[in-house]
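Engineer: Input: one structure, supplied below.
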Amino acid sequence: MLLAIDVRNTHTTVGLISGSGDHAKVVQQWRIRTESEATADELALTIDGLIGEDSERLTGAVGLSTVPSVLHEVRLMLEQYWPSVPHVMIEPGVRTGIPLLVDNPKEVGADRIVNCLAAYHRFGTAAIVVDFGSSICVDVVSAKGEFLGGAIAPGVQVSSDAAAARSAALRRVELTRPRSVIGKNTVECMQSGALFGFAGLVDGLVNRIREDVAGFSGTDVAVVATGHTAPLVLPDVHTVAHYDRHLTLDGLRLVFERNRDGQRGRR
């Protein structure tokens with residue numbers, strides 16, 4: 001059983017993956033709040049409580065974090081609480097198998113890399129990956145499996161919260177689908193702007209990529225979405241053909257499998 005940990009700015013996804021290669025399957029997944037000051041002991045207490053008896057069945061662990069301080073604590077947690085379990089952390093120097101054709105490869109978030117790796121592995125073609133997180137990342141992988149870059153925009157919830165925080169007349173609202181694109185009250189107006197507005201943003205970016213990037217105008221380009229808020233927005237997005245809830249976890253597994261031989265026997 002592989003333990004996969006995906007730490008983002010606001011939330012952390014913990015998954016258990018059985019099998020490997022084409023037989024791999026995410027059997028459990030949890031989403032918890034990210035605490036930027038959490039210690040290795042606190043992380044271990046939380047994760048051990050989630051995975052329960054499967055803690056004794058772990059054959060490997062893999063993690064990424066967009067929060068540098070948490071990355072260190074996750075590594076420390078694995079070394080202290082599961083010392084006999086080989087683990088891989090996604091960071092510079094780890095083999096991902098995906099060339100980064102950008103100005104500064106070290107700037108590229110680990111989440112973006114593993115998403116593109118998973119998309120290319122699944123479809124075997126050029127792909128556009130849309131990750132609906134605290135930021136919306138629209139990333140591009142070539143037909144050769146190369147990371148070409150992408151676009152980053154504020155996420156749906158982050159933008160809605162920012163609007164409420166900076167305006168005395170607005171308040172934080174629950175992000176649900178409004179009755180119409182034309183809101184009849186302030187809450188519906190904010191919901192409309194968030195949901196339909198970001199659906200248009202995603203369509204605009206995907207269409208622009210198809211127009212501007214050589215080789216991306218054809219039907220053989222896969223467009224896949226992932227992320228917690230994706231199901232909320234995708235019904236109004238016209239350019240995304242696939243949704244994969246486990247895309248990041250699958251990418252983490254792929255990186256672990258590429259690096260596990262060097263991790264065997266690690267103490």
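Each residue, glycine too, has its Cβ placed from N, Cα and C.
Found this in Swiss-Prot, in case it helps:
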type     : residues                                                   : note
BINDING  : Asp6, Val7, Arg8, Asn9, Thr10, His11, Thr12, Thr13, Ser134 : ATP binding site
BINDING  : Gly109, Ala110, Asp111, Arg112, Thr186                     : substrate binding site
ACT_SITE : Asp111                                                     : active site, proton acceptor
BINDING  : Asp131                                                     : K(+) binding site
Engineer: Nearest of the binding-site residues to Ala110 (substrate binding site) by CA-CA distance, picking from Arg8, Thr10, Asp131?
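Structural biologist: Comparing Cα positions, the closest of these binding-site residues turns out to be Arg8.
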Engineer: Within 10 Å of the Cβ of Asp111 (substrate binding site), how many other Cβ atoms can be counted across all chains shown?
Structural biologist: 26
Engineer: Using DSSP, would you call Gly109 (substrate binding site) helix, strand or coil?
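Structural biologist: In three-state terms, Gly109 (substrate binding site) counts as coil.
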Engineer: Can you count the other CB atoms that lie within 10 A of the CB of the residue listed as 'K(+) binding site'?
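Structural biologist: The Cβ of the residue listed as 'K(+) binding site' has 27 Cβ neighbours within 10 Å.
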Engineer: Between Thr186 (substrate binding site) and Asp6 (ATP binding site), how many Å separate their Cα atoms?
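Structural biologist: For Thr186 (substrate binding site) versus Asp6 (ATP binding site), the Cα atoms are 35 Å apart.
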Engineer: Would you mind listing, in sequence order, the residues at least six apart from Thr10 (ATP binding site) in the same chain with a Cβ closer than 8 Å to its Cβ?
Structural biologist: Arg33, Thr34, Gly133, Ser134, Gln157
Engineer: Over all pairs in Asp6, Val7, Arg8, Asn9, Thr10, His11, Thr12, Thr13, Ser134, the listed ATP binding residues, work out the largest Cα-Cα distance in Å.
Structural biologist: 13
Engineer: Taking only the Cα atoms, work out how far the residue listed as 'K(+) binding site' lies from Gly109 (substrate binding site), in Å, as a whole number.
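Structural biologist: Cα of the residue listed as 'K(+) binding site' to Cα of Gly109 (substrate binding site) measures 12 Å after rounding.
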Engineer: Are there any residues in the same chain, six or more apart in sequence, whose C-beta is under 8 angstroms from the C-beta of Asp6 (ATP binding site), and if so which?
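Structural biologist: Expected: Thr12, Thr13, Val14, Gly15, Gly63, Leu64, Asp111, Thr248, Leu249, Leu252.
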Engineer: 10 Å Cβ neighbour count around Thr12 (ATP binding site)?
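Structural biologist: Excluding its own Cβ, Thr12 (ATP binding site) sees 24 Cβ atoms within 10 Å.
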Engineer: Assuming the binding residues for substrate are exactly those in the record, Gly109, Ala110, Asp111, Arg112, Thr186, what is the maximum CA-CA distance in angstrom, rounded?
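Structural biologist: Answer in Å: the longest Cα-Cα distance is 38.
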Engineer: Return only the integer: C-alpha distance in Å from Gly109 (substrate binding site) to Arg8 (ATP binding site).
Structural biologist: 10
